[in-house]
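What follows is a single structure, written as structure tokens, with notes after it.
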Amino acid sequence: MVKAYLRYEPALTFGVIASPESNVCYDPSGRLLLAAALDRLAAWDLKRGLPSVSFAPSSSSPSLAVSCIASSPSAAVSSLIASGHADGSIRLWDAETGACEATLHGHRSAASALRFAPSGAVLASGSKDCDVILWDVVAQDGLFRLRGHRDQVTDLVFLDSGKKLVSCSKDKFIRVWDLETQHCLQIVGGHRSEIWSMDVDPSERFLVSGSADPEMRVFRIRQSVQEGEDWSKWDVLKLFGEILRQSKERVATVRFNRNGSLVACQVAGKTADIYRVLDESEAIRKAKRRMHRKKEKASAKSMIAKGNGTVIDPLPASDLQNPAVIVTDVFKLLQVLRASKKICSISFSPGSPPRGCLATLSLSLNNNTLETYSVDSEKVSKMYSIEMHGHRSDIRSVSLNSEDNLLMSTSHNAVKIWNPSTGDCLRTIESGYGLCSAFVGNRFALVGTKSGTLEIIDIASGSLTEVIEAHAGSIRSIVPIPDEDGTAGARGFVTGSADHDVKFWEYQQVQKSDNDSKQLTVTNMRTLKMTEDVLAVSISPLGKHIAVALLDCNVKVYHMDTLKHFLNLYGHKLPVLCMDISSDGALIVTGSADKNLKIWGMDFGDCHRSIFAHSDSVMDVKFVYRTHYIFSVGKDRTVKYWDADKFELLLTLEGHHAEVWCLTISSRGDFIVTGSHDRSIRRWDRTEEQLFIEEEKEKRLEETFEADLDNDNEYRYGQKDDAPEEGSVGVPGRKTKETVTSADAIMDALDTAEEELKRLNQHKQEEQNNGTAAKFQPNVIMQGQSPSDYVLNVVSSIRPNDLEQALLVRITILRCTKAHVLLEGVVYGSFKG
């Protein structure tokens, strides 16, 4: 009989506040700040410091990492949020409910820029594939594709009430597109390096672009042209001047505030320059003052020259009365915002600023933090900060308490206690660089640090009670010593360190005189000296044996009571980084930097099987309690589920976006928790759905085949054939699994309808020849519909975004029979009508 297993599925993701790869922006209401958290979004209430709405895709995958966000204008009919993803897809979300309204496929690589038209009915997207695609948000369909850029499109803005689109790219050019005629109006050069961002003020007077050049370039827009100015017939943008930036770092983001009085230039560093944009009357007054100063300097020079017997021409009177306004008369440096860490993105609040402030500016930092500042003419002040809901750096260890209702995670400067059911952060305790951790009951916790100290934490008070200089090197493992009945941590614990020592500790409770509370302390009872750095330690469930993994790639097993050598496990080609012993003490599994898992017998130390488990180093491995099932995690970003008796891979869980460092399993095996370099903590729950080994193998083969379809490498980062200099227009969609499936459905429907038409004609012929005929029996598949209605319903069931590509796929493999051609023309025409 075929053995069945229970499937594990992703249940909860927490710990990420803002991904550094994506921008931040405000929702259509202007009250909530949108920030990407790997493959999902969250709308944060800045005052309360809590997420109000969560936007999560139906499946979790690194290819769905959010790369850019945009929200529809407040004046739009519907409140929508658009997110661009690493696989090139674009998702439309309802801003109030968080439901995914549509998924649009058109780009062949990661989306890099999104912008809604002022009406909110059209969305423009740019990508690393160098293309710009216009989407009909209402019909959820692509309009057309604009080609012309030679490198990644970095930003987009609409002009002239959405009739024109401006795109900038890393190819150093800005292109202006007429969306009504679908062609390129103007190509603007001048930047000497890649253009990273641009924005236009709400009144469409100026467009500001930023690159790695020392200056930002400011362009006048044709709508604001004064009479008598020299403009080309087709030019929409004309260079107004250049603003010298304060920082030497490249520009990352340029944004105007809601009324256009401020523009912020964020660089790829810790600063953001904020400029005041003067209106026309103020700019003229400033220009007159500038000319007056120039006149005074000229008068002084002329007096000196007159004394020397030379003559200097005076300034023209027209220049003094009607001075020409230059860029420095309009843009004035107001403040320089300096953050504590590198800034990833900025966004002005579209709402009304607090009293006495000019604007509210929010920004995301690369240490998983959101900050909001108020900007006034005198200073920039921090208003809100969201940082409690995640670690500042990657997560190095996770552990559960005995009741599975508390989760502890460690990072480079803090320990956090979580509720694993909801993902809420309960406590944050400052600590050293924690590499390993363990609970002591439900009140205390132990943390081993990179510096070799052992930290004792009081969970109830959220305080660090004692720091012990336990080792001279980093502590790599903390393992509780089980009691004779198998109770973990009842007697003490063992630590393994890079100083070649394995130390055995016992608990002691000390009475505090100030508040009569008992505090935990520990005492070193024994020390086992090793010859190499200790990388991992594991103890058998009944406390009979202790296994020690060393830097020389060997694992040594000792008797716990006498510390006499019992077994030597050797065979790995690189150091063993993790290991675990099964709950019955029969098996030990080791994971190594050589990417292999080895399963050993604890009786004789024989290697049962060596498995090539991951495509990179295996970082942690654990047995499920009372089973021989294994979970392993690695640097290849995957979590894998194994049967150690059959040596078979049961399941591969994908979702992490970076190396997975650690995992822990609940005492009943109903869920596991993993921590990663992407700063996320993920919980995977066991379901009641059964899985079978052979079916999973077939699924993996199908996924490999479908991945080849998605990875169309020759079109992935740019068009195969170079577009003409003036640009070109293409079909917006692309070939996907959905379009191929839809094309198959159309072909099947056409074949069925053709057969039905033949049967109808044959039945009519029999009636004419014989006068009478048996009652016609229609095809059951068509459910009583006519052939044309049946095909029309099949076509109508296809998503609008997939229909055009499905029909193109259908046309390429169409058998050119008269019936097919006529029928397809009728159906397509009626559907479009």
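Placed from the backbone N, Cα and C atoms, the Cβ positions cover glycine too.
Taken from TrEMBL, the feature coiled coil covers 743-770.
Look at TrEMBL and you will find 714-734 tagged as region 'Disordered'.
Taken from TrEMBL, the feature repeat 'WD' covers 59-103 (among others). Here the repeat 'WD' (59-103) has long-range neighbours at 10, 13, 19, 21-30, 34-41, 43, 53, 109-116, 118-121, 123, 125, 127, 129, 135, 137, 140, 350, 637, 654-657, 710, 734, 799, 801, meaning same-chain residues at least 6 beyond its ends whose C-beta is under 8 angstroms from one of its own.
TrEMBL lists 104-137 (among others) with the feature repeat 'WD'. Helix, strand and coil content of the repeat 'WD' (104-137), in residues and according to DSSP, is 0 helix, 18 strand, 16 coil.
Feature annotation from TrEMBL assigns repeat 'WD' to 146-187 (among others). The average pLDDT the prediction assigns to the repeat 'WD' (146-187) is 93.
What TrEMBL lists as repeat 'WD' is 188-222 (among others).
Annotation source TrEMBL lists repeat 'WD' at 388-428 (among others).
Below 8 angstroms of C-beta separation, residues 486, 535-536, 538-542, 544-545, 547, 549-557, 616-623, 625-628, 630, 632, 634, 642, 644, 647 of the same chain, each at least six residues beyond the ends of the repeat 'WD' (569-610), sit close to that stretch. Sequence annotations record features per position, and here TrEMBL assigns repeat 'WD' to 569-610 (among others).
Sequence-distant neighbours of the repeat 'WD' (611-652) (same chain, 6+ residues past either end, Cβ-Cβ under 8 Å): 3, 5, 7-8, 62, 574, 577-584, 586-587, 589-599, 658-665, 667-669, 672, 674, 676, 684, 691, 693, 696, 700. What TrEMBL records for 611-652 (among others) is repeat 'WD'.
Residues 8-16, 37-39, 60-62, 65, 368, 390-391, 393-400, 402, 404, 407, 409, 418, 420, 423, 616, 619-620, 622-627, 629, 631, 633-641 of the same chain lie 6 or more positions beyond the ends of the repeat 'WD' (653-685) yet place their CB under 8 Å from a CB of it. Look at TrEMBL and you will find 653-685 (among others) tagged as repeat 'WD'.
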Residues in the repeat 'WD' (569-610) grouped by DSSP into helix, strand and remaining coil: 0 helix, 23 strand, 19 coil
Composition by DSSP (helix, strand, coil) of residues within the repeat 'WD' (388-428): 0 helix, 17 strand, 24 coil
